[in-house]
Amino acid sequence: MEPSVDANSITITVEGMTCISCVRTIEQQIGKVNGVHHIKVSLEEKSATIIYDPKLQTPKTLQEAIDDMGFDALLHNANPLPVLTNTVFLTVTAPLTLPWDHIQSTLLKTKGVTGVKISPQQRSAVVTIIPSVVSASQIVELVPDLSLDMGTQEKKSGACEEHSTPQAGEVMLKMKVEGMTCHSCTSTIEGKVGKLQGVQRIKVSLDNQEATIVFQPHLITAEEIKKQIEAVGFPAFIKKQPKYLKLGAIDVERLKNTPVKSSEGSQQKSPSYPSDSTTMFTIEGMHCKSCVSNIESALSTLQYVSSIVVSLENRSAIVKYNASLVTPEMLRKAIEAISPGQYRVSIASEVESTASSPSSSSLQKMPLNIVSQPLTQEAVININGMTCNSCVQSIEGVISKKPGVKSIHVSLANSTGTIEFDPLLTSPETLREAIEDMGFDAALPDMKEPLVVIAQPSLETPLLPSSNELENVMTSVQNKCYIQVSGMTCASCVANIERNLRREEGIYSVLVALMAGKAEVRYNPAVIQPRVIAEFIRELGFGAMVMENAGEGNGILELVVRGMTCASCVHKIESTLTKHKGIFYCSVALATNKAHIKYDPEIIGPRDIIHTIGSLGFEASLVKKDRSANHLDHKREIKQWRGSFLVSLFFCIPVMGLMVYMMVMDHHLATLHHNQNMSNEEMINMHSAMFLERQILPGLSIMNLLSLLLCLPVQFCGGWYFYIQAYKALKHKTANMDVLIVLATTIAFAYSLVILLVAMFERAKVNPITFFDTPPMLFVFIALGRWLEHIAKGKTSEALAKLISLQATEATIVTLNSENLLLSEEQVDVELVQRGDIIKVVPGGKFPVDGRVIEGHSMVDESLITGEAMPVAKKPGSTVIAGSINQNGSLLIRATHVGADTTLSQIVKLVEEAQTSKAPIQQFADKLSGYFVPFIVLVSIVTLLVWIIIGFQNFEIVETYFPGYNRSISRTETIIRFAFQASITVLCIACPCSLGLATPTAVMVGTGVGAQNGILIKGGEPLEMAHKVKVVVFDKTGTITHGTPVVNQVKVLVESNKISRNKILAIVGTAESNSEHPLGAAVTKYCKKELDTETLGTCTDFQVVPGCGISCKVTNIEGLLHKSNLKIEENNIKNASLVQIDAINEQSSTSSSMIIDAHLSNAVNTQQYKVLIGNREWMIRNGLVISNDVDESMIEHERRGRTAVLVTIDDELCGLIAIADTVKPEAELAVHILKSMGLEVVLMTGDNSKTARSIASQVGITKVFAEVLPSHKVAKVKQLQEEGKRVAMVGDGINDSPALAMANVGIAIGTGTDVAIEAADVVLIRNDLLDVVASIDLSRKTVKRIRINFVFALIYNLVGIPIAAGVFLPIGLVLQPWMGSAAMAASSVSVVLSSLFLKLYRKPTYDNYELHPRSHTGQRSPSEISVHVGIDDTSRNSPRLGLLDRIVNYSRASINSLLSDKRSLNSVVTSEPDKHSLLVGDFREDDDTTL
């Protein structure tokens, strides 16, 4: 039956649907339209897929029909897809009861029938149907008088059905599926998706972690399939866009029916093939393991192919087949026809089997005889976890029995296994899995060397075509590339990228650095290119960009080489090093004894280079770099300004003495003038008679000469730094504070010098009045201010300096043997540590690099990095952070991140960037400062001119208020001096520094204090924005809750003399130990803790049924119970909450403990228990009856938001376990504090509304958005922002990244050092919700301090400048220039000191708030909570349900929360942390949660 196309399919986007009723309305109305065969509407996808007759309808008419119903229909793609139709042959098997016309009319009215041809003479009908809409059996049911013509059907379609060939219009989809751990997972996915309508075939590969699905796009979409896989509990990603299949029925018919023909143009017959032959094909166009799987699965379905092995590395396939049925040419065409039709196939070799004896001439034509000369391969597998020779013997004994394994040798010292095997019977991956199944970690090597092909020698023919050809084909080259990765938020993202990239063909190793946002990938350039790798990362949902030059010379080494005497030594070192593999460049300078080397750290390390130079007879050592934080504590600047101040002070003291002397003498003369009525001439003579006023030369007095001599060194030595900075500013066409200072002092000095020279030139008898006293006093106060300012600035960076000081300077590298015994220790510089080194850290020592503990137990102080006050326990497998301090035990760690890639280095970089970033308010201050200096200069000039005018118009004002005025000076000179004094004072008192320091100093202290408390604030903008926040939105899972389920209660449902509680825990823990579900892991963890053991019994026949539960058989638990001592048993009984259904007293329970005596017999030790664990439905399926008491207990747990599961042992209901994701202890307090701060608190989650309501009631949140998809969280945050509210989003950074980025302030909570760098504005290193309160509180305190600083700065300038300009002269308020400089210095110092008050900040802690009464905290009743479901704002207030409705809803919620595949398609939530729907209960209603 060859398919034809008589129908089309179109997908139309439909907007405006709100509920299932809309879906049904559209389906009913459009389904009635003439020419529409089938319609499927998806509310979630907002689309309608319609199959229609193109002769009667068009996409445009269908779009208009939906528009007419009141919905918005959009046609994005007007090109319809053809829909497959089949032909059904019907014959009359009995006398007709209906006329042929009636039969034809009935069939044509049937949906899915596109044509009917009636043949009354042949008493038959040919009906064209759409098989996806209607089936042949349904057609027969419509017309009972007709029956299927089976002979015709078999004749037409037998071949197609037999081989399940793809049909026209079918689409093949490849999806990456994560989280699969065993074949049970693959069976679950195949069973779930295979039942979906429109899915034709599905094949799930555990090795490749992918699923290949063939489906009909008009019935189901790729997105729906993806969500169904995620509903089972496995994250899925569409790997490639779906493609239509090309291999049709005709291809398989050609394979089966094509006769054996000689090649075109061949003059002789092709050789006769024996019954069993093998041929090797060369295949071009394969890219990954998916291609290998595709070819193997396609050919293995053919009857005449007995086996096929495809090698991606060798680009070849070895096919074993029945030569009497098929030829190599037919197989070649079959491979080329396999979808996607990209393979180019050629026959590499044709051979005969040993079943016949080929002639010598035949053999000469065959280059490779694989059957008569058995082909084998050798694989080397890395095996970790072996501890002794018993492990070696165990592996060799088991693997040697596997089919196809010829020999195996396992090396304990090298942790490898070398296996020789037959590739036709097994593969390296199968052998690796077999070793892993034994409990060892097995991995295939990074493909540095190809598999070794081994064969038996042959006398007739050579085994391989040629060694050169084989070497060319199988040589593998490794390159390295760096890719910048954005969007990573935590360690889960890192693991996701590394795990998925390693699966891609041609990629050898991947190392991703979270903090640096960089991935280092080693790959085979013949197989894959960096841009393709970047595309793979983008397909995983991250941003990726190839770093072009990152890999070039990424290792740079500076060495001091001693012992060189001439140029010959230089040449010897350079030539020797450049010959080494991995060294790109080497330059040695004899004059400086330094060597500059660029190298590849993957190939050679710095210690290797130093050793090589040492072997040449020279001594090489690392150039010491300054790792101190001197640049942060401003020591250099402090020393500089202290020197400037002391120089200025040394010369200023005599100047001030002279000034004071002259002021006293002038006051004395003024008193004499007033008391004795002296004339002006007498006053002048008396003034000139003073010692300091005596003239050495005409016009040059002693006073002016001393002032000049004292002013010169201050002006040009003490003020040198000011001149340098002012020159640089003017050079770049800007003006700053230094320009004002230089202007003021230079004008005063220049004016004084010029007027003095003029007086000397004119031989004046009256000494001119100079300003030589002004520069020394100005520089003294300004230098003092700068000195104090830099001391204060050093304090602002104290936090960052502390972080930098944490970095270790040396590391102890150890060498271990194969038994992990210490061979040697070596103390090296921390810069010489290489990735993969084993480092020993003694008690009290600092961890030099990030790493993973491989041996030892200790407590580690991470307080200065994470803010966590309590030491953290470390054991093998734990990660450690560079800079943290080891406390009480020696540890061996393996370096994972070194140098600038360590977490500490990245945090230091982050804090440095934050302290140098500008807040919006600072940008305003900077803009203001840009206009400030020109404005002050203008004011100074205006002040000068105005006072000159006023002085000449009304001299009495100047005479009255000018300090030190005496009549010996002329009026003009007095006016000019007074005007200059006011002008210079304006220049001195104006201070843009205070404006410029107001924000950055506060930001530096604020971010530093935050870093010390485990709060990383990324710059001034989020620090300023956080205080404006009005709404705080919390994610649920991992933020409000812990994100991991725990056991809340265990109820024993049988008498304790039948089975004890400990025995139930031992059996349940053993059964759940094989489960990968988080609920199972929680139960296992609880059982191990209660039994105080790390090992459990044996579990066999383990089966998991998604949506229900598990079943298995458990043995070997009596020995486990025997090891439990009496003290642990008594503590368990005391602490556990045991609820007995059939009452039995406590004494009886204790006395009948099931602890087994030491003389247990072997028969008892091997007792087997049949175990069932699951929900109600699972128990009912297995024929168990649930009593009302048990049912009520489950309902009560479900009401509190817990998941309740039942336990059956040997067909008897024994226990009930309640499991929940617990709320963090500080969550309720944090919400209460935020509300008391005037903030609105909202809970947003992808979980169901019932769970969300339960969580909200416990922590006191009254507004909830439930069942919100991750993509909709962004829309919800935006919606709150459109209401005029500033939003802070708090999430764990896994699926909340888009919402964190959209919020005004994104706050990411990290666990330990897993910090969300990219998405969030604020990163909380500790997993503590009170840090959310602290971050907002710190922001408020910092912004308040910034405002206080601005008040200080503005007061000085707005009040000081008018005073200096003489505006308040009429009321007697006037300033000298030195007073202005003192005020200016005080303004800068006061601003910095004000910022330093932030160092007194103490973040709120749990204990602090617990001391205060919390009468307003506590739970909210359900009626107080407003729950909004989905993206719309439909609020669900507390429902009022009857008893029966409550039971039904709670039961359904329990089943749905336990296993998500019972949900409808529209309720599937793609949020990974919420996918288990772990409900959190109220732990305060009673005490039954005590275990």
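Backbone N, Cα and C atoms are what each Cβ position is placed from, and that goes for glycine too.
Given the structure is predicted, the values throughout are model-derived calculations rather than measurements.
The Cβ neighbour count for D1035 (active site, 4-aspartylphosphate intermediate), using a 10 Å radius and every protein chain shown, is 30. If you look up Swiss-Prot, you'll see D1035 marked as active site, 4-aspartylphosphate intermediate.
For D1292, D1296, the entry in Swiss-Prot reads Mg(2+) binding site. The Cβ of D1292 (Mg(2+) binding site) has 24 neighbouring Cβ atoms from other residues within 10 Å, across all protein chains displayed.
Sequence annotations record features per position, and here Swiss-Prot assigns domain 'HMA 2' to 85-151. When pLDDT is averaged over the domain 'HMA 2' (85-151), the result is 74.
With DSSP classes pooled into helix, strand and coil, the tally for the domain 'HMA 4' (277-343) is 22 helix, 21 strand, 24 coil. Under the heading domain 'HMA 4', Swiss-Prot lists 277-343.
Summarising the annotation, Swiss-Prot assigns phosphoserine to S270 (among others) and lists similarity to another entry as the type of evidence.
The feature phosphoserine is assigned by Swiss-Prot to S339 (among others).
Residues annotated as phosphoserine in Swiss-Prot: S353 (among others).
For S357 (among others), the entry in Swiss-Prot reads phosphoserine.
Taken from Swiss-Prot, the feature phosphoserine applies to S362 (among others).
Marked as phosphoserine by Swiss-Prot on the basis of similarity to another entry: S1421 (among others).
Per Swiss-Prot, phosphoserine is recorded for S1423 (among others).
Among the features that Swiss-Prot reports, phosphoserine is placed at S1451 (among others), with the record citing similarity to another entry.
Here Swiss-Prot flags S1454 (among others) as phosphoserine.
The phosphoserine annotation in Swiss-Prot covers S1464 (among others) and rests on a large-scale study or a structure entry.
What Swiss-Prot lists as phosphoserine is S1467 (among others), and the listing cites a large-scale study or a structure entry.
Per Swiss-Prot, the feature phosphoserine maps to S1477 (among others); the stated evidence is a large-scale study or a structure entry.
In this structure, D1292 (Mg(2+) binding site) belongs to neither helix nor strand by DSSP; it is coil.
Mapped onto three states, the DSSP output places D1035 (active site, 4-aspartylphosphate intermediate) in strand. Separation of the C-alpha atoms of D1035 (active site, 4-aspartylphosphate intermediate) and D1292 (Mg(2+) binding site): 8 Å, rounded to the nearest whole number.
Helix, strand and coil residue tallies for the domain 'HMA 2' (85-151), in that order: 18 helix, 24 strand, 25 coil [DSSP]. Residues 690, 692, 703, 706-707, 710-711, 713-714, 717-719, 772-773, 776-777, 779-780, 783-784, 786-787, 963-964, 966 of the same chain lie 6 or more positions beyond the ends of the transmembrane segment (645-666) yet place their CB under 8 Å from a CB of it.
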